[in-house]
Amino acid sequence: MLGKKLVTAQKRGETRALCLGLGMVACSMMMYFFIGITIVPFYTKSVWTTETVCKVLKADIKDKVFCPNGEGSEDEEIFPYPCLQVWVNLTASGQEVMLYQTEDTLERNPKCSYVPDKLENSKEVKARIETIASNFKKYQTFPCYYDPGGTQTNVILSRLYPSKGLLFAFLWPTLMFTGGCLIIVLVKISQYVSVLSAWQ
């Protein structure tokens, strides 16, 4: 009687472990799919792939400009902010080019090097832009990214999705997938050993 209960409990445990492993594998596949349709296209679309050194030539704050939050934005989503323009000397080619914060900055407003968040207070935005401008004037040389193919003559300060960020995004689903496969393999080995001992 006790043996039957132990066998039943073992089978239930194996079933639960198998379901856990399959669930982990399924979740990891969903995460792979989500990363593949969101992050990977932005990474592959970016042409600013080569890192170099930029030297600040000038960092000026122009008059306020209006920036929509995206394509098809309505009037209430358009907000004014001071336009910071940073021009740098590209070490790789010696050209004078405009610097943008990220790839998204260029798409949102090609006239300005920095585009603030709409939800920020106007005074905070002004203070932040002035701080950014003073930092550029203080730290003249810094790493930046340019397009080695020459399709984009401007440079960006940082990539939205760098190689390390992409690898880190794939790290968690990979660990989950590996753990799920390991659980499934251990359950199958346990079942094989149980059948083998029963035959002996």
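Placed from the backbone N, Cα and C atoms, the Cβ positions cover glycine too.
Marked as transmembrane segment by TrEMBL: 20-43 (among others). Same-chain neighbours of the transmembrane segment (20-43): 103, 160-161, 166, 169-170, 172-174, 176-177, 179-184, 187, counting only residues six or more beyond its ends whose CB sits under 8 Å from a CB of the stretch.
Cβ atoms under 8 Å from those of the transmembrane segment (166-187) belong to residues 14, 17-18, 20-25, 27-29, 31-32, 35, 39-40, 43 of the same chain, restricted to positions at least 6 beyond its ends. Under the heading transmembrane segment, TrEMBL lists 166-187 (among others).
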